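Comments concern the structure below.
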Amino acid sequence: MNDSREEELSWNMEEQGLSASNISRNSQMFMGYFIAAAANLLVVTVMLSLGCTMEILEIKKHLLKPKGIGIALFSQFGIMPLAAFSLAHVFQLNAIESVTVLICGCCPGGVLSSVFSLALKGDINLSILMTTTSTVLALGMMPLLLFIYSLVLDMEPIHNAVPLEKIIEILVLTVFPCCSGILINTKRPQYSGWVVKIAVGISAVVSILIVTLSFLYMRSDIFLILSPPLLYTSGLMTLIGYVLGYSISAAFKLNGQYRRTVSMETGCQNVQLCATILQVSFSPGVLGPMYAFPFLHVTLQILEGLLLILAFRLYQKIKATDATTILHLLENYNYIISSPWAQPFI
């Protein structure tokens with residue numbers, strides 16, 4: 001009796017399109033939409049809070065002398081795609097792995113670079129301008145770069161797969177909250193601190209939610225891409241961006257604050273855009289577990305960025321300690337030579 005009842009229920013569910021696989025697929029699709037919405041909320045809150053720290057005079061200065069912006073754009077669209085292509089060749093990645101890495105390397109900077117620039121005491125005005133400019137140029141540069149490198153990889157060109165509407169959406173989510181923050185900081189500066197505190201709190205909660213849901217969403221495939229070649233490729237690509245971004249800035253004699261900013265802008269890519277391009281370009285059967293690569297890449301970006309921030313803060317602390325020690329020595333020296341008993345020996 002029970003067996004026949006279960007068969008009847010199973011048949012009814014399948015008849016109505018409610019099989020276990022469909023339910024699982026629908027729930028996974030819903031989770032994907034929810035993660036995307038949460039990511040957009042995170043971008044808005046972060047950019048609003050960063051906008052509250054920006055100054056119009058500093059923005060004008062960078063626009064009138066766009067040396068830093070130019071170096072960052074060269075690094076973003078020159079170094080990173082070449083690094084992605086070279087690493088894919090060195091580690092002998094297969095076709096779908098190579099094109100996935102290449103797409104990540106061709107993406108513009110995102111919100112993460114601005115957050116890291118702030119933590120490294122970089123120039124947040126320059127960082128936001130770099131992110132905005134690289135996103136605008138991505139409308140033309142990404143199709144061009146993907147066309148060129150896909151020909152070199154002897155693959156069918158995928159430049160038409162670049163979702164221009166997604167890039168415009170990212171641009172809107174970046175510029176409008178940031179402009180709102182600048183307006184608050186200019187017209188109502190007394191509220192800037194409160195806005196930043198509230199936005200930081202929301203961002204922290206949303207970030208934890210995104211990480212948790214992303215892991216649950218990809219848990220069946222994330223471990224399939226943890227092969228040494230992909231790990232080395234992703235980790236080295238980020239590190240190359242950080243190091244060469246800083247080195248080129250130093251070669252063009254930018255100050256330390258600008259160097260750290262360009263470094264972060266070069267090493268951090270907008271993985272949300274990368275994930276969208278992968279979904280548009282390839283069917284799940286062709287893409288396989290590589291749809292989870294952007295999650296791996298952003299994880300390594302964060303880990304390497306946090307290590308750099310830790311190293312920078314330790315360096316600052318040691319430097320401040322040394323400066324304090326020298327100051328105390330000078331004070332003691334001045335005290336000694338000014339003492340009456342020391343005068344006969346001077």
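Just so it is clear, glycine is given a Cβ too, placed from its N, Cα and C backbone atoms.
When Cβ-Cβ distances below 8 Å are used as the criterion, the transmembrane segment (30-57) is approached by residues 111, 114-115, 118, 124-125, 128, 170, 173-174, 177-186, 192-193, 195-196, 199-200, 202-203, 206-207, 209-210, 213-214, 216-217, 272 of the same chain, each at least six residues removed from its ends. Residues or ranges marked as transmembrane segment in TrEMBL: 30-57 (among others).
Long-range contacts of the transmembrane segment (69-93) within the same chain, counting only residues at least 6 positions beyond its ends with a Cβ under 8 Å from a Cβ of the stretch, are 62, 101-102, 104-106, 108-109, 126, 129-130, 133-134, 137, 141, 145, 149, 152-153, 229-230, 232-233, 236-237, 240-241, 244-245, 248-249, 252, 254, 261-262, 265-266, 269. As annotated by TrEMBL, transmembrane segment applies to 69-93 (among others).
The transmembrane segment annotation in TrEMBL covers 99-120 (among others).
Per TrEMBL, the feature transmembrane segment maps to 127-152 (among others). For the transmembrane segment (127-152), the residues of the chain that approach it from at least six positions outside its boundaries are 47, 50-51, 54, 59, 62-63, 68-69, 72-73, 76-77, 81, 85, 99, 102-103, 106-111, 113-114, 117-118, 158-162, 164, 167-168, 170-171, 174-175, 178, 261-262, 264-265, 270, 273, judged by C-beta separation under 8 angstroms.
Remote same-chain residues near the transmembrane segment (167-186) are listed as 40, 43-45, 47-56, 59, 110-111, 128, 131-132, 135-136, 138-139, 142, 192, 195, 270, 272-273 (criterion: CB distance under 8 Å, separation of at least six residues from the stretch ends). For 167-186 (among others), the entry in TrEMBL reads transmembrane segment.
Residues of the same chain lying 6 or more positions beyond the ends of the transmembrane segment (198-218) and with a Cβ under 8 Å from any Cβ of it are 28, 31-32, 34-35, 38-39, 41-42, 45-46, 48-49, 52, 291-292, 295. According to TrEMBL, the transmembrane segment annotation covers 198-218 (among others).
Residues 67-68, 71-72, 74-75, 79-80, 83-84, 87-88, 91, 93, 97, 101, 104-105, 258-260, 262-268, 293, 296-297, 300-301, 304-305, 308 of the same chain lie 6 or more positions beyond the ends of the transmembrane segment (230-252) yet place their CB under 8 Å from a CB of it. According to TrEMBL, the feature transmembrane segment maps to 230-252 (among others).
The transmembrane segment annotation in TrEMBL covers 298-315 (among others).
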Quiz item: When you scan the chain for residues with a C-beta under 8 Å from the transmembrane segment (99-120), skipping those not six or more beyond its ends, what do you find?
Solution: 42-43, 46-47, 50, 53, 72, 76-77, 80-85, 87-88, 93, 126-128, 130-131, 134-135, 137-138, 141-142, 145-146, 149-150, 153, 155, 158, 170, 174, 230, 233-234, 237, 260-261, 264-274, 277-278, 281, 287, 290, 293-294, 297-298, 301-302, 305, 308-309, 312
